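Participant: After the structure tokens below, expect a handful of questions from me.
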Amino acid sequence: MLTYSHQNIDQSDIDTLTKALKDEILTGGKKVNEFEEALCEYMGVKHACVLNSATSALHLAYTALGVQEKIVLTTPLTFAATANAALMAGAKVEFIDIKNDGNIDEKKLEARLLKESENIGAISVVDFAGNSVEMDEISNLTKKYNIPLIDDASHALGALYKSEKVGKKADLSIFSFHPVKPITTFEGGAVVSDNEELIDKIKLLRSHGIVKKRLWDSDMVELGYNYRLSDVACALGINQLKKLDHNLEKREEIANFYDKEFEKNPYFSTIKIKDYKKSSRHLYPILLFPEFYCQKEELFESLLHAGIGVQVHYKPTYEFSFYKKLLGEIKLQNADNFYKAELSIPCHQEMNLKDAKFVKDTLFSILEKVKKGYCG
């Protein structure tokens with residue numbers, strides 16, 4: 001099966017893990033700091049805190065910003081953790097509709113803030129598929145209204161916005177090291193920031209809220225969590241980070257092939273990356289034309305049967321039964337239509353152009369046989 005994304009584990013990673021497993025300290029050691037320093041150097045930021053997942057990173061980011069009893073404005077087109085973690089931190093969640101690239105609509109965000117901005121605890125944006133949001137416009141809004149900004153850049157490690165690494169402009173930025181991302185620590189995540197006070201707070205909460213006073217004594221000053229990332233995982237992360245730019249180049253090669261081959265086809269559109277951005281290509285979404293919406297399940301199953309592991313990103317968060325019970329029925333037209341249209345096809349560093357051609361040929365062959373027809 002040619003999956004929509006795939007980890008890159010080579011002999012250097014295996015050797016790194018073997019060495020780390022033989023160390024005296026498997027967790028809470030120097031590899032944690034080394035990984036954080038490597039991330040800071042790569043990102044061009046001052047501070048980083050690595051954690052056991054991006055969900056944990058989001059939870060502590062919201063908590064550090066003090067969103068309890070306030071509203072977090074976010075996108076519905078994301079993995080549920082973006083909103084879930086805000087609820088875990090005691091916030092209320094409100095969804096803002098998206099644009100046709102899958103990113104939050106900054107104009108609709110501005111319209112919401114014009115209505116009322118007093119009780120907004122944070123704005124949390126997602127760089128969908130690795131393609132940056134319009135960060136200048138969004139950052140200007142958050143500064144105008146004095147609202148903290150979280151960039152859930154879980155898709156976007158290594159992506160660029162106006163020649164800068166994605167993750168530099170927000171108060172707190174989140175990254176994921178899940179195996180489907182360009183680098184992995186098995187599970188894992190990070191928060192990065194130039195704000196030392198916020199990162200110190202997150203590091204405290206990461207390990208039970210405990211500080212050491214003396215060699216044999218400690219004090220718990222906050223109610224914290226066990227969100228630590230092990231030294232073994234961090235050792236892998238350090239080695240993976242060395243390969244990140246190469247992995248991104250390979251993903252870009254596959255994406256560029258698709259862009260050219262899919263141009264002006266009669267079945268679907270693709271997302272165009274603006275010339276002042278560079279996507280990490282975490283995903284390669286195709287957006288089916290409306291006459292194929294109701295055939296998407298048939299298309300999905302046919303592609304799986306042909307050995308192409310597609311996926312859908314994402315069901316809008318407000319469509320989950322939990323959120324329907326919490327918030328009632330919500331309809332955001334662009335997010336709803338994006339969900340009907342979207343399929344993510346294989347695009348990752350383990351592929352070659354022969355694989356990409358197989359995906360293209362198979363996709364077109366199946367679509368030619370699918371009967372067009374609008375729903376209803």
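Each residue, glycine too, has its Cβ placed from N, Cα and C.
This is the feature table in Swiss-Prot:
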| type | residues | note |
| --- | --- | --- |
| BINDING | Tyr4, Glu24, Ile25, Leu26, Thr27, Ala54, Ser176, Asn226, Gln311, Val312, His313, Tyr314 | substrate binding site |
| MOD_RES | Lys181 | N6-(pyridoxal phosphate)lysine |
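Mind mapping these onto the model and telling me what they sit next to?
Facilitator: Sequence-distant contacts of Tyr4 (substrate binding site), defined by Cβ-Cβ distance under 8 angstroms and a gap of at least six in the same chain, are Val180, Leu283, Tyr284, Gly309, Val310, Gln311, Ser344, Ile345, Pro346, Cys347, His348. Classification of Tyr4 (substrate binding site) by DSSP places it in coil, neither helical nor stranded.
Secondary structure at Lys181 (N6-(pyridoxal phosphate)lysine), taken from DSSP and collapsed to helix, strand or coil, is coil.
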Participant: What's the number of neighbouring CB atoms sitting within 10 A of the CB on Ile25 (substrate binding site)?
Facilitator: 13
Participant: Give the residue from the recorded positions Lys181, His313 that has the most other Cβ atoms within 10 Å of its Cβ, counting over every protein chain displayed.
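Facilitator: When each Cβ's neighbours within 10 Å are tallied, Lys181 tops the list.
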Participant: For Thr27 (substrate binding site), what residues in its own chain, 6 or more apart in sequence, show a Cβ-Cβ distance under 8 Å?
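Facilitator: Listed in sequence order: Arg228, Ser230, Asp231, Val232.
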Participant: For His313 (substrate binding site) and Lys181 (N6-(pyridoxal phosphate)lysine), determine the Cα separation and express it in whole Å.
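Facilitator: On Cα coordinates alone, these residues lie 14 Å apart.
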Participant: Specify the secondary structure state of Ile25 (substrate binding site) as given by DSSP, simplified to three classes.
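Facilitator: In three-state terms, Ile25 (substrate binding site) counts as coil.
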Participant: What does DSSP assign Gln311 (substrate binding site), in three states?
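Facilitator: The residue in question, Gln311 (substrate binding site), is strand (DSSP, three-state).
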